[in-house]
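Here is the structure we will look at.
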Amino acid sequence: MKEIFLQISNRQDLSQDQVQVVFDRILKNEVSESQIASFLMGLKIKGETSDEITGIVRALKSHATVLPETFTDAMCNCGTGGDQSYSFNISTTACFVLAAGGIRMAKAGNRSISSKSGSADVLEVLGINVAASPEILSKALDEVGLAFIFAQTMHPAMRFIGPARQALGIPTIMNLVGPLANPLDLETQLMGLYRVELQEIVANAIQQLGRKRAVIITGPDNMDEAALYGTNTYTLLEDGHISQHTFTYEDLGMEKVELSDITGGDAKENAEILLSVLRNEASPYLETTVLNIGLGFFANGKAGTIKEGVELARQLIADGSALEKLRKLQEVQV
């Protein structure tokens, strides 16, 4: 590790191979907690690169639990977290509607770190087994078109990194890596990101990982979701090209919703919010979720524009298709 630390201290970027070797050792529990913390902090101070992100993702995937069935058409819509917005579980709610629209959703997630309720916490309240076996996850992806991929189950070696991350208490490269380390080889992706200036770096990493199409979204105030106030910035990966764009709620003909109107609560409260959205109960939560679903359909290519995606989202919620996806997942992922 000494040579690696020297290189980072000289603000020299690491290659994919170098990072992959380091993380392979970390995931085998061959590196001390203090060294892991120093490594993560060093990369943060130096500035993370797409090669470094890709190297860590590949190391994690090589140690991940493998599903018995291969799926090559899946999508994930989880974000980095770390935005301190304390909003409700938007991407978790959205995944049921995206699945109802015909997208196979391999929704990655974890327990709460900075918010009151992580996706795993909410889904447990709803009776979904977040620690389901690989066999059950494959069945859910096949029969429901949706499964919740719990980070702790699919990446058991991540436990060696957790203490160092908790000790640091700040976002690191691991926040960027988490949404990209889905054990499935995703075809498309919608990724929320807490810093606009990292979008191009992450887009390059996503391209290196073989995604056909992706959208990386940062909302106003560096939210890792799109919001109905201020300006949203997204980077689009399409046909090998990377481009950055902005939009506002006014561009989509939607009403303004302040951040204070979509604050979440504990797992039980957020589960009730999720159900209210899928029941099509009018609220700021519904409008914000519909926006992010529309972005998901656009990221996948199911919709030609975000506005078209929003319209599709409204239809799938109104006709009960999205709520039915939840019911089916409750029956299968047990």
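Cβ atoms here come from the backbone N, Cα and C positions, even for glycine.
The anthranilate 1 binding site annotation in Swiss-Prot covers GLY79, ASN110 and rests on sequence analysis. Annotation comment: Swiss-Prot describes GLY79, 82-83, SER87, 89-92, 107-115, SER119 as 5-phospho-alpha-D-ribose 1-diphosphate binding site, evidence class sequence analysis. The feature Mg(2+) 1 binding site is assigned by Swiss-Prot to SER91, GLU225, with sequence analysis given as support. The anthranilate 2 binding site annotation in Swiss-Prot covers ARG165, and the record cites sequence analysis as its basis. Annotated Mg(2+) 2 binding site per Swiss-Prot: ASP224, GLU225, in sequence order.
Among the binding-site residues listed (GLY79, ASN110, ARG165, GLU225), GLU225 has its Cα nearest to the Cα of SER87 (5-phospho-alpha-D-ribose 1-diphosphate binding site). Its own atom aside, the Cβ of GLU225 (Mg(2+) 1 binding site) has 27 Cβ atoms within 10 angstroms in the protein chains shown.
The most densely surrounded of the binding-site residues ARG111, ARG165 is ARG165 (count of other Cβ atoms within 10 A of its Cβ).
Note: the CA-CA distance between ASN110 (anthranilate 1 binding site) and SER91 (5-phospho-alpha-D-ribose 1-diphosphate binding site) rounds to 12 Å.
For SER91 (5-phospho-alpha-D-ribose 1-diphosphate binding site), applying a Cβ distance below 8 Å and a minimum sequence separation of six or more within one chain yields ASN77, CYS78, GLY79, LYS107, SER119, LEU190, GLY192, GLU225, ASN292.
Cα-Cα distance from ALA108 (5-phospho-alpha-D-ribose 1-diphosphate binding site) to ASP224 (Mg(2+) 2 binding site): 15 Å (rounded to the nearest whole number). Here the Cα atom of ASP224 (Mg(2+) 2 binding site) is found 17 Å from that of ARG111 (5-phospho-alpha-D-ribose 1-diphosphate binding site). A helical conformation is recorded for the residue listed as 'anthranilate 2 binding site' in the three-state DSSP classification. A straight line from the CA of ARG111 (5-phospho-alpha-D-ribose 1-diphosphate binding site) to the CA of the residue listed as 'anthranilate 2 binding site' spans 14 Å. In three-state terms derived from DSSP, SER87 (5-phospho-alpha-D-ribose 1-diphosphate binding site) belongs to an extended strand segment.
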